[in-house]
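A.B. asks: Quick one: the structure is below, questions incoming.
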């Protein structure tokens, strides 16, 4: 089985379960997660099936990467009850947007904005940590394992912590075999783990009201 097939199966299963169990999170800010999953599946397949110019690859990496991080930060902000926490996440979103605009003005679209992507992942981790702190301050903590947003948070914590390291390794060791191939297999393993956590969360969790 190829790397593409492994990732496609994991990603496709997450999309199908996310669609089937949409009722569990449709009343939360994470209702936009379903659109994100479908867009990701479409883009990954387009990259595999079509010869997409490098310029558009950079646009996809830069714009979609930052936009998706901002979206998830916003969704975690909306699910917190603390006004202070919401203000902190809003401030981080403004910083990230400003930094990305400055990076675009300096480097342009046809560049890998790895620095701002790294910052975006760090801000994503901070947003999840703030959401978790807010969650642990509530009374229904005994039901945390059945909270679908907790599983979504765990999924994206895996993304935000692992992908900067993997992407950096890919850039450093591109063309150096067999090391580069091993890095790609590690990335596939992380993707499978990420989608496995998300799929389990969709199945195991209770609907959010």
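Note: Cβ is positioned from N, Cα and C throughout, glycine not excepted.
TrEMBL lists 6-23, 30-46, 58-76, 88-110, 116-136, 148-167, 179-204 with the feature transmembrane segment.
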A.B. asks: Restricting to CB pairs under 8 Å, which listed stretch, 6-23, 58-76, 116-136, 179-204, is in contact most with the transmembrane segment (148-167)?
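C.D. replies: Most Cβ pairs under 8 Å with the transmembrane segment (148-167) come from 179-204.
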A.B. asks: Quick one: do the transmembrane segment (6-23) and the transmembrane segment (179-204) reach 3+ CB pairs under 8 Å, ignoring pairs fewer than 6 apart in sequence?
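C.D. replies: Contact between the transmembrane segment (6-23) and the transmembrane segment (179-204): present.
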A.B. asks: Who are the chain neighbours of the transmembrane segment (179-204) in space, where the CB to CB distance is under 8 Å and they lie at least 6 residues beyond its ends?
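C.D. replies: Hits for the transmembrane segment (179-204): 3, 6-7, 10-11, 13-14, 17-18, 20-21, 24, 145-146, 148, 150-152, 154-155, 158-159, 162-163, 166, 169-170, 173.
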A.B. asks: For the transmembrane segment (30-46), name the stretch out of 58-76, 88-110, 116-136 with the most CB-CB pairs under 8 Å.
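C.D. replies: The stretch with the most contacts is 58-76.
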A.B. asks: In the same chain, who gets a Cβ under 8 Å from the transmembrane segment (58-76) while lying at least 6 residues past its ends?
C.D. replies: 28-30, 32-33, 36, 39, 43, 89, 92-93, 96-97, 100, 104, 109-113, 116-117, 120-121, 123-124, 127-128, 130-131, 153, 156
